[in-house]
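Written out below as structure tokens is the structure these notes cover.
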Amino acid sequence: MNLSRNERLENNPNLNKKSIQIVSKILSQNDLKAQELREKYKQLGVYVINLMSSPGSGKTTLLESLSAFKDFTFCVLEGDLQTNRDAQRLEAKGVSAYQITTGEACHLEASMIETALCELQKQCDMQQMDYLFIENVGNLVCPASYDVGASLNIVLLSTPEGDDKILKYPTMFMCADAVIVSKADMMQYFGFSLTRVKEDLGQLKANVPLFLTSNKERESIAKVRDFIEQKRAQNYQSHHQF
């Protein structure tokens, strides 16, 4: 299942040759901008994490929980079609956040991040931050095709969504440097099979770290924090090619 971008485009029955050329050009331009962003992140000294998932899986809640660790400093770029509600939630926790509203776009692109980054820098001194989280638009499809220059890609899967999503949306989970099963305390109420998730993830992409989180269990959030800190200390850079 580990297909290159060109192979994925060529295997798409909804795209003709001309459409493939257009999409390929758009994605290539995004790649160039994403590489420029990587250099910008280095200059700012921030380690960048791209959070992806379905809507309502708990991305913002995870960030709220991480904000409780006072030695874990970060700011956030929030992606949604409309409203600044998620940015407001984080600001209420003392986190500097800038909301990107995409209109009808189902993902964030590198050019959007570039513009928003300038705005975020007006709100906070990013050189005093250890991390920048990019909370992508809630969608298990489109964000998997657009590089935003992040060093670490984390995908959330919430228990109410069901345990069958990994092989249904393989392109998304192929992006993952780690997978978080969120709302894990509700697993029993939804008949969610952790065994199935592990098997499907192992079939798709072996050795991907898997975390179970619950907003009620601080230790589960601490494990995610520790993982991110470890990756930053290693200067880990995702090997995934969008």
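Going from the start of the chain as shown, residues are counted 1 onward.
Note that Cβ sites are derived from N, Cα and C of the backbone, with glycine treated the same way.
Lifted from Swiss-Prot, the feature list:
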- 48-211: region 'G-domain' (REGION)
- CYS106, HIS107, CYS142: Ni(2+) binding site (BINDING)
- CYS106, CYS142: Zn(2+) binding site (BINDING)
What same-chain residues, at least 6 away in sequence, bring their CB to under 8 Å of the CB of CYS106 (Ni(2+) binding site)?
LEU81, VAL137, ASN139, VAL141, CYS142, PRO143
Take the mean position of the Cβ atoms of CYS106, HIS107, CYS142, the recorded Ni(2+) site. Which other residues of that chain put their Cβ within 8 Å of it?
ALA105, LEU108, VAL137, ASN139, VAL141, PRO143, SER145, TYR146
